[in-house]
Every structure is written in structure tokens, then in C-alpha cells.
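*Asks:* Okay, handing you the structure first.
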Amino acid sequence: MNNRIIYVVSDSVGETAELVVKAALSQFNGSADDTHVRRIPYVEDIGTINEVISLAKADGGIICFTLVVPEIREYLIAEAEKANVLYYDIIGPLIDKMETAYGLTAKYEPGRVRQLDEDYFKKVEAIEFAVKYDDGRDPRGILKADIVLIGVSRTSKTPLSQYLAHKRLKVANVPIVPEVDPPEELFNVDPKKCIGLKISPDKLNHIRKERLKSLGLNDKAIYANINRIKEELEYFEKIVDRIGCQVVDVSNKAVEETANIIHHLKTKNI
């Protein structure tokens, strides 16, 4: 295997194919040092394939490839066999077996692994954003967010932020309390990005009483006082009017239902 070249051909980045090739090379003592792995990514035309086959024929190289488009894959195999060039299809046979096993047809779209990776990292980024800018912790997040949720205590701001983060939306939430002026950023944000979470006084009274009980506290505390709750909700309405944002009533809705409404509003406003 001295001075051998292995051509790694892919219709995407080619990382998968290169890792497989290097894993195989590691089984031959010292051979990896004498073998050059040359990656050729984003191959989408037969012209590039012809060039690679010519190079491999000239220097006795091997072609290893991950090509998912059937026409391109079949062309490489046919031309390599005509030229007596060694080749190995890394992904094709596995896709064929999976089609048989699942009774489904593959999408045959190059780069789907990278698309999935990007989707995953966007989701992680959104979740981290929701944690960082939860409960008005840092008002700078308001202007960076895709969605800003506002509401009095116990209107599901935090669980909604996390749920929407799993849809790759960056969400900041801000508590509305009569004794505390909302951050100025809240009045500078695009009103279409802001959603007010409305709730009926009786429903909120019940939720807060149950919350106090779960903490082993007296449910007669001011936190669950109906007059105090009405005062908070009146203040909330004033802030909503000042911002000019949309409102979603969360009184009798599950988090998932409210999140889907908010997601729909966000999509409609794009």
C-alpha cells in the first residue's frame, strides 16, 4: 500500500466517508502513513467523476464514495469498472437494505446529515437562550429574541419559552409586576414579536393558591388575593396597550396549545 492515494468522493462535505476510510486504514500497521486520503466534496456532476476516475487510474488509487443520488452513483460505478479502478460504495448498499427493510423509498438528498446537525444545534441554541433570558433576567435578550412573552406570575411564561425553544425559536420572557417598571427594551421591540399572556382572575387565583399549598405556605397570602390579582391584571393590560402587542388567553389552555397558537402568530407575522 505504499504511496497509495484514496479518493474520498462525496456529494456533501465528505466527513463520513473520510472517517470510514481512516478507520479501515488503521487496521493496517503503518499503511496510513504511506496512504494519502484526498477528499473531493460536493460532487454533483459526471465531469468531476470522470476526472477522479482518470486520476485514480493513473496513480493506482482507490475511490471510496458517499453519493446518494442514484444516477451519479451508478455512473461512477460503471465508469470505474470500465477503467479497472478499485472503488467502494460506502453508503449506497446500506440505503438499499434500509429501503427493503422499511418498505420505504429514500429521499436521495445530499447533505441531509448536516441539515439535521444544524437543526439540532439551532434547537440547543434556542434552549440556552430561553434559560439565559428567562423571567426578565437580562433585558438585553428582549431585542435579540424571536418572541417576547409578557405576563403576570403563573401564566406559564417559562414552560412556554422552553416549549417554543424546541421549535428553534429564541424566546425571552418578562414578568409584569405593578411595583416594577418594565425594562425600556420592551417598548422598543417590534410589537409583532411581543405576546401578552392573559388569564382570568379566578383561574389565576386558583393556580396561585395551589402553588402556595404545594410550597407548604398559607394560601391566604397576598400573592393569591383576588383583589391583588385584579390589580396585577389591570396593570398588565396597560402595558399591553402601551406596547400594542397581541394577546393570547391562557386561562383554560395547556402549554402545548398556547405554544401552537403563539407559533402560528409568529409564522403569520413573518
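The chain as shown is numbered from 1 upward.
Cβ from N, Cα, C; glycine included.
Among the features that Swiss-Prot reports, ADP binding site is placed at Gly151, Val152, Ser153, Arg154, Thr155, Ser156, Lys157, Thr158, with the record citing sequence analysis.
Can you tell me where each of these features sits in the structure?
*Replies:* When secondary structure is read from DSSP and collapsed to three states, Ser156 (ADP binding site) falls in the coil class.
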*Asks:* In sequence order, which residues at least six apart in the same chain have a CB under 8 Å from the CB of Thr158 (ADP binding site)?
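*Replies:* Result: Asp134, Asp135, Asn173.
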*Asks:* Please report the DSSP secondary structure of Gly151 (ADP binding site), reduced to three states.
*Replies:* strand
*Asks:* Using all protein chains in view, find how many other C-beta atoms are within 10 Å of the C-beta of Thr155 (ADP binding site).
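*Replies:* There are 26 such Cβ atoms around Thr155 (ADP binding site).
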*Asks:* Can you list the residues of the same chain, besides Gly151, Val152, Ser153, Arg154, Thr155, Ser156, Lys157, Thr158, whose Cβ falls within 8 Å of the ADP site's Cβ centroid?
*Replies:* Asn173, Pro175, Leu197, Ile199
*Asks:* With Cβ-Cβ distance below 8 Å and at least 6 positions apart along the chain, what are the contacts of Lys157 (ADP binding site)? List them in sequence order.
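*Replies:* Spatial neighbours, sequence-distant, of Lys157 (ADP binding site): Asp134, Asp135, Leu149, Ile150, Gly151, Asn173, Val174, Pro175, Leu197.
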*Asks:* Identify, in sequence order, the residues in the chain of Arg154 (ADP binding site) that are 6 or more apart from it along the sequence and have a CB within less than 8 Å of its CB; answer 'none' if there are none.
*Replies:* Ile199, Leu204, Ile207, Arg208, Arg211
